[in-house]
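Trainee: Not my notes, these are from TrEMBL:
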ACT_SITE  A:Asp85  active site
ACT_SITE  A:Cys88  active site
ACT_SITE  A:His261  active site
DOMAIN    A:77-268  domain 'OTU'
SITE      A:Ile218  site 'Interacts with free ubiquitin'
SITE      A:Tyr232  site 'Interacts with free ubiquitin'
SITE      A:Asp234  site 'Interacts with free ubiquitin'
SITE      A:Tyr257  site 'Interacts with free ubiquitin'
SITE      A:Tyr262  site 'Interacts with free ubiquitin'
Amino acid sequence: MAEHNSNKQNDQEYLSAMPNQEFDQAVTTMQNNIQTEIAASSALVGRKEEISRLKAEYSDDDSPYQQKIKELCKLYSHVRKTRGDGNCFFRAFGFGYLEVMLHNKKDYSKFQENANGTFKKLMSLNYPAFTVEDFFENFMSLVNSIGEKTTLEELTQSFVDEGLSNYFVVYLRLIASCQLQIDADFYQNFIDSGKSVVEFCKTEVEPMYQESDHIHIIALTSALGASVRVAYMDRGGEQLIFHDFPEDCEPTLHLLYKPGHYDILYPR
Amino acid sequence: MSTPARRRLMRDFKKIQDDPPTGVSGAPTDHNIMVWNALIFGPENTPFEDGTFKLKIEFTEEYPNKPPSVKFVSTMFHPNVYADGGICLDILQNRWSPTYDVSSILTSIQSLLDEPNPNSPANNQAAQLYTDNRREYERKVAKVVEKSWNLEC
C-alpha cells in the first residue's frame, strides 16, 4: 500500500509537468494499466466460495470486520466475487439475478417481461435504435436462455467472456439510465452534485467502469421489478447494515457491499 | 476471428453504407477492420466549407465499451484539435457511450468544426484567434481547407 501511494505521488508530479494532450494520454494509460492489473488478478465473475473464507481477508485483531463477518456467516453460506472494475454492481446483479432465476420460474416470467419492455422505453427517449438494439438483443438472448434450461455453467461462461459480459453490463446501465430519465423529477432529489439527471446519466451511469451508488440500484431494480438486499460491511458501527431495494421486499438476490465493491451472497 | 468488437464494426460499416450520414464517410482499411479511414466535408456556410478532411480511426477489442482513437490526418486548424491531429471532444473521452457508432462519432466531429469549445483548447493559437480575431482565424482555416484538397496530405 505504501509503495502504491508513493507511486501515486510520483505519478502526480509527472503528470503536472505535462502539456494537456500528453496529460490526457498519460491518465488514460495509467487507468488502463490499473485495469489490466485488476483483470489479471480476478475473474469477471468468480467461483462460489465458503463465506468463512472472508475471515482471512482481514487481520484477526480487526474486530469491526471480524465481528461483521461472523454475523454474515450466520446468515449466508457462500459468496461469489466479481471483478472490481467499476462495473461490479451491474455484473453482480446480472449474474446473481439470473442465477437465482435458473430455479425460480415465478419471478422469471415477470423479469423477462420487464426486460422485454425496456427497449421500447429507451426508444421513447430517442436513443439510437441501431446500436441499442444490438445490446438489447444480446441481453434478451441471455435472459431467454434462462427460460430454455440453460445451465449454471453456460451462464457462467457468458459472464466470464469479457466481450459478452460487458455487453450485458452496457445494457443494464442503459436500463438504469432510462429509468432515471423517465422518473427524472423523483431522482433529481438524489443527485447532489448539481448535475441534471440527463448529465448524471451521461457521465455516471452509461459510461462503463463508473461505480454505482444507491441511485443506480434503485433505478435498475425498479425498472426490472427486481428485489435486492444489500448487506453493508464497513468499519463504521458495530453491526452489519441491510438495505432492501425496494423497501419491504422479499429479496430475490443478496449482495455484499464493502466500500467501493459489490459481491454476490448466498443465504443459508 | 469474430469478437464483439469486430462484429459491431461490421454492423457500423453496413449502416454507414446503407444509411450514409450527410457530409461524412468512412470505411475499414483493406486488411484490418480495426482501422478505418474517414472523410469529413466542411459544413456549408462555415469557414470549413469545401474542405475534405481525412481522418484515421483506430479501434481496440474493447470497442464499443471504450471509444476509438480518432485523429485528423489532414492538417487542421481548430481550437480543439492538437498539432498531431488528436481531437479534444468530450464524447471521445469522459462522455463516451457504447450507444455511439462510427456515424455518430463522425457527425459529432463535423459539428465540432463550427462549434468549437475555446474553453478547453488543444490549439491555443486557434482558440485565441477564434475569440479575439475571427477574421484572422478564418484566414487560417481557409488555408487548411485549401490544403485538404491535396490528396497527398
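Backbone N, Cα and C define each Cβ position, glycine as well.
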Trainee: Counting Cβ atoms within 10 Å across all protein chains shown, which of the recorded sites A:Tyr232, A:Tyr257, A:Tyr262 comes out on top?
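Mentor: Output for this query is A:Tyr262.
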Trainee: Determine the most Cβ-crowded residue among the recorded positions A:Asp85, A:Asp234, using a 10 Å radius around each Cβ and all protein chains in the structure.
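Mentor: Compared across A:Asp85, A:Asp234, the most Cβ atoms within 10 Å surround A:Asp85.
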Trainee: Which recorded positions are spatial neighbours of A:Tyr257 (site 'Interacts with free ubiquitin') here, meaning Cα within 10 Å, out of A:Asp85, A:Ile218, A:Asp234?
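Mentor: Near A:Tyr257 (site 'Interacts with free ubiquitin') by Cα: A:Asp234.
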Trainee: What is the interatomic distance between the Cα atoms of A:Cys88 (active site) and A:His261 (active site), given in whole Å?
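Mentor: Distance (Cα to Cα, whole Å): 7 Å.
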Trainee: Over the domain 'OTU' (A:77-268), work out the mean pLDDT and round it to an integer.
Mentor: 94
Trainee: Provide the number of Cβ atoms within 10 Å of the Cβ of A:Cys88 (active site), excluding the reference atom itself.
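Mentor: So the Cβ neighbour count for A:Cys88 (active site) comes to 24.
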Trainee: Translate the DSSP assignment of A:His261 (active site) into the three-state scheme.
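Mentor: Note: A:His261 (active site) is in a strand by DSSP.
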Trainee: Within 10 Å of its Cβ, which one of these recorded positions (A:Ile218, A:His261) has the largest number of other Cβ atoms?
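Mentor: Its Cβ has the most other Cβ atoms within 10 Å: A:Ile218.
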